[in-house]
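Heads up, the thing below is written out as structure tokens.
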Amino acid sequence: MEVHAHLIILGLHQDARLRNLVVNVYSKCRCFGYARKLLDESPEPDLISWSALISGYSQNGLGQEAISAFREMHSLGVKSNTFTLSSALKACAGAGNREPGRQLHAYLIRRDLGLDTFLGVGLVDLYAKSGYMVDARLVFNVIPEKDLIAWNAVISGHSHNGQGEEALKLYLEMQSQGIKPDAFVYSSLFNACASLSAYEQAKQVHVQVLKLGFIIDIFAGNSLVNSYAKCGSIDDAERAFREIPERSIVSWSAMIGGMAQHGHGRLALQMFNEMLKEGVAPNHITLVSVLCACNHAGLVTDAKRYFSSMEELFSVQPMEEHYACMIDILGRAGKLDEAMELVNTMPYEANAAVWGALLGAARIHKNVDLGSKAAEMLINLEPEKSGTHILLANIYASAGMWDGVAKIRKVMKDSNVKKEPGMSWMEIKDKVHTFIVGDRSHPRGKEIYAKLEELSEPLRKAGYVPMVETDLHDVEEREKAKLLYHHSEKLAVAFGLIATPPGAPIRVKKNLRICLDCHTAIKLVSKIASREIIVRDINRFHHFRDGLCSCGDYW
């Protein structure tokens, strides 16, 4: 500002070259009011001034302002160059706004500007961040010279959009092209492994990272912690966490959240206190993880303390996620009146997460009235989801209200709501094996059912009795018991017992919540077979060992 004042005193402020430099400085210093005033006072602001302003907006996360400035520039007849277009594309990507980006793409084609690597990466990033990976891949395929940044953009895009398998495939293709990866690529790969819960692949990528020395990079380190936690190995996650030289709030949040998801609620809270002692202030994500830790461990008093003091102690105002967690905690603990009071007094409209928590609480405590109300609200919010109908049917069934079960079935049939089939899968030697209830299509199907038959007598002696009351099929009890015994989780565990070395952990993933009957049976199998069995369902991880589960039967 002092230098600018001197320019005015000396009468040099009208010099176009100097004016452009001043606009650029103000933009980079986030003094956009001054930059804009200078630009508006210019008799004929040129492309360099506009580019400086647009780039400044874009680099500082002000995407909408950058897009508006770009449009205004064009309305004044100033034509953009590659640099300006790249800044505008970055702004569109940062704002998650695909439509202006598509218009820019069309402008490129109309002006026949060609697609260099710089612009190509901008378009890939734009489409990826908007969730349009088909468009991103089409652009990536026509980039003439694909450098590391281009590969990083497309791999990161697939990983960010939950397409982990594609991200891993592209990584192999990139290596075949002789492109050496950097820490950012590995960060995306760890996130891809996390989305797939692909433990073996995560270990393989980790080995490559160690060879290249990238693990000291905080981004790769944080992603590795998250990856191991979501792949079912909280011990590996903690080792990776301890090796990060400068742990940020992202590092701590990933570790605390991982411990919570694995049922180590008290350890998660200990880690939270360790974080506070190191002077790291929590953010709203950390506090969601803390409340989840309390939830999974049934620590109601601790949860109330953290929830009521988060604004005072940490300057974090409770958001919808925090209220949903607290309502879930109260509901699971049987404090249904307190949960409803919080719903009625919170400053937000109750969303699907809140009503889902209440429906889950109603199922646990067999409260038909609350279950009916929560289900009604959920069906209005998410009419296409079958889980709501199934949970309500379970509540009716546990209360012996079979007319209610029949009514739910009719509603589902009339509304064409299909029940999502339960599916379990496990990864062995880089191959994924998938199972559904009663599945006999697996190449080793005979051996799997033979193993289940072999386990039946030891299970019976250990006290296992099929929980036929949890099965909603309209068949005889004997048939219900058979269906329960052939659930996808049990088939996957039986396959794990015959396909992995004795003593090796068995890792199973499931797309729905593990059923009570399978939970009981797998606890006993872990003791009978002397194996650790790790099941990741839609909510959390269950570590079965020596007849016990890490969740303490509280999930």
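Using the three backbone atoms N, Cα and C, a Cβ is placed for every residue, glycine included.
Copied from TrEMBL, the annotated features are:
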type	residues	note
REPEAT	46-80	repeat 'PPR'
REPEAT	147-181	repeat 'PPR'
REPEAT	217-247	repeat 'PPR'
REPEAT	248-282	repeat 'PPR'
DOMAIN	463-555	domain 'DYW'
What are the DSSP helix, strand and coil residue counts for the repeat 'PPR' (248-282)? 26 helix, 0 strand, 9 coil
Mean pLDDT across the repeat 'PPR' (217-247), rounded to an integer, is what? 89
Residues of the same chain, at least six outside the repeat 'PPR' (46-80), with any C-beta under 8 angstroms of its C-beta? 16, 19-20, 23-24, 26-28, 30, 32, 35-36, 38-39, 87-88, 90-95, 97, 100
Intrachain neighbours beyond the repeat 'PPR' (217-247), with Cβ under 8 angstroms and 6 or more residues off its ends: 183-184, 186-188, 190-191, 193-195, 197-199, 202, 206, 209, 254-255, 257-259, 261-262, 264, 278, 280, 507, 534, 536, 541
Within the repeat 'PPR' (217-247), how many residues are helix, strand or coil going by DSSP? 23 helix, 0 strand, 8 coil
